[in-house]
Ligand code: NG1
Ligand code: MG
């Protein structure tokens with residue numbers, strides 16, 4: 001099997017694992033049955049065989065929440081749940097055709113690719129296919145005048161829970177990027193595709209960081225990844241403590257991030273806090289500094305000095321628009337055009353100190369978490385494992401108190417966990433979605449899951465029952481093991 005590298009044809013074996021290799025689909029592959037079902041559906045829709053398949057996983061973030069867009073590292077792992085695509089191309093007709101296996105829920109979509117447009121409704125959030133269009137647009141912009149309008153017929157299916165903080169949206173965007181890149185004959189460099197995916201998901205209107213797309217491409221089976229964004233994207237495998245088992249529990253409170261401004265409000269507060277601090281340090285380019293990490297570098301601050309600076313410069317109480325304009329020496333007009341994003345124009349109040357403290361301290365927790373995992377490789381100690389749990393608890397506390405992105409139902413799950421002696425925290429953006437919990441063994445995880453089934457899921461209040469038909473709950477609370485990043489198969 002050979003891959004088009006853009007400047008010739010390179011055998012797969014020479015590309016190493018920084019590239020997505022084209023693999024021959026083996027009947028013993030874990031994903032085989034799902035792909036064959038999708039292949040049958042593809043044939044039914046389009047009358048012929050798909051040319052290739054794509055699989056991109058969702059992820060669970062173990063620690064490092066709401067820090068990626070500030071330039072700080074995170075520690076996620078890919079989950080087994082994924083988006084899969086069956087793809088056929090058509091060089092004669094630049095048409096995109098999308099059929100979701102779950103046709104009842106996701107309406108089919110088609111459009112002309114020579115005139116690609118991502119339309120976002122004023123309310124209600126974007127249609128599911130918009131995420132796919134983002135991916136196509138990402139590759140189109142990257143290739144620029146090398147872009148060829150090639151038609152794509154797609155069948156897709158996904159089992160990543162939606163709007164649950166497990167990154168179903170980025171799995172879809174990243175899958176579209178991979179399929180389009182391959183159809184265009186691009187070299188499939190994992191880091192490059194991750195960066196393209198992160199930038200183009202912003203067409204949805206969320207000013208997110210790059211965590212989800214990075215883990216979607218850089219994940220390796222069996223380990224979590226420490227992902228750094230600054231000075232450039234880098235993934236380092238982190239072996240989780242021997243015997244530990246991570247459990248994901250979905251609160252069933254859905255949070256459609258793109259349909260609300262909560263996430264972007266936090267991004268805006270972080271950017272404002274960075275500029276406020278930069279101005280206080282008399283940096284002439286204070287207006288251009290929008291990530292905490294850039295200020296940290298410009299002022300050579302370690303984490304303790306950073307926290308001290310925040311403590312000295314940012315007040316506890318709420319900043320009004322007037323406070324911000326006066327402090328930064330800008331007009332309200334400038335605030336709106338240069339500092340607020342389209343979905344945050346309405347903001348009247350800002351919390352700068354609380355958001356800044358969360359980010360800087362959370363960034364420290366990520367580094368510590370990785371260090372402890374590495375120590376545990378050399379000598380296992382109960383104390384170290386307890387410290388990991390402690391870090392997860394501190395992260396949750398900070399997300400609830402300083403970042404204010406928890407939810408009463410998530411709090412119930414975290415409290416039930418604490419009662420079992422299990423450390424747990426909200427994972428993903430929050431305001432709903434999932435918690436991630438760390439158990440000491442597979443057996444402990446299974447006992448813990450049973451407790452949650454009994455005490456949370458078997459007693460769902462009416463507002464959650466409406467959305468969820470109870471079954472055995474295995475899809476909403478499960479132990480999870482680190483899976484592989486993006487994959488491409490041919491038959
Ligand atoms: P989720 O909640 O999975 O969509 C979001 C962002 C991440 C990161 C986390 C919070 C997107 C695509 N992803 O994840 O970049 O900021 O929130 O840590 O918006
Ligand atoms: Mg998402």
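Using the three backbone atoms N, Cα and C, a Cβ is placed for every residue, glycine included.
Helix first, then strand, then coil: DSSP counts for the domain 'Galactokinase N-terminal' (42-88) stand at 8 helix, 27 strand, 12 coil. Per TrEMBL, domain 'Galactokinase N-terminal' is recorded for 42-88.
Counted with DSSP, the domain 'GHMP kinase N-terminal' (136-218) comes out as 50 helix, 9 strand, 24 coil. The feature domain 'GHMP kinase N-terminal' is assigned by TrEMBL to 136-218.
What TrEMBL records for 382-455 is domain 'GHMP kinase C-terminal'.
Taken through DSSP, the domain 'GHMP kinase C-terminal' (382-455) splits into 46 helix, 11 strand, 17 coil.
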